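So that you can see what the record holds, here are the features copied from TrEMBL:
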REGION    1-29  region 'Disordered'
TRANSMEM  74-96  transmembrane segment
DOMAIN    128-222  domain 'Late embryogenesis abundant protein LEA-2 subgroup'
Amino acid sequence: MNDPNRPVTGYPAAGAPPPNPNGYGGAAHQQPPIGTAYPYAAPPPASAVYYPNNPYYQPNNPYDAQRNTFLRRVIGMAIAAMVIAGTFVFILWLILRPRIPEFRVDSLSVSNLNLTNSLISGKWDLRFTVRNPNKKMTLYYDDVAAAVFYDDVSLSDTTVPPFFQEKRAETARQASFATAGAYVNNRAFDQMNKERSRKGAIGFNVRMVARVRFRAGAWRARRRFVRVYCKDLSVEVGSNNSSGTLLGGARQCRVGL
């Protein structure tokens, strides 16, 4: 049976006050009388309540905010320092324009050359020139190691004493190599004899590695290893000769870091 005192829910009953477009139903924001329907399907939700015992609820911690602010400042300072340092290095590079030195082989001679049973003996004398192309930087050559090769087979090696170069200066240096009865693999040995018989000359390669310091006034750059490769230095030495000199004059070498 229908209870006359029980609230009626559902769609608005006939005769209910029209809804207020700015708020809840009713002309004066009053609850509808008992026995009439609420003008909306459900009342407005109550304010959300967070319980401290809820493991998913994390209240705002002032220390967390301070820590986040500190981390943001540290990261910002680090980025700014890197940008400033990079800008300084770039400006310094624009001012100094550092360039690697240039190497040129002036002469290469061989004497007492003997090729017998995959063994080689001989003496090589190398003269080369080093040029500093920098207008504002001096160069210090702390260590210079040099070696003479045939193809990729090392025949002998030596060192060059340290030296110093002023701006735009050229320095002449020499190096001597010697070997006695050094073993050479069969492929290189046969190829060397064929080249000697066919061309009357043998092409040697010279490689150098120099540890160089670049300096401009009080500013010093870190040491750099400069690698020099002088390829196809043909020395005229026929089958009946044991000595010869470089063919074709001076040769420019390839230089890199």
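Keep in mind that glycine also has a Cβ here, set from the backbone N, Cα and C atoms.
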Margin query: Just to confirm my parser: what is the rounded mean pLDDT across the domain 'Late embryogenesis abundant protein LEA-2 subgroup' (128-222)?
Written below: 93
Item checked: Secondary structure content, the domain 'Late embryogenesis abundant protein LEA-2 subgroup' (128-222) (per DSSP, counts of residues) -> 14 helix, 60 strand, 21 coil
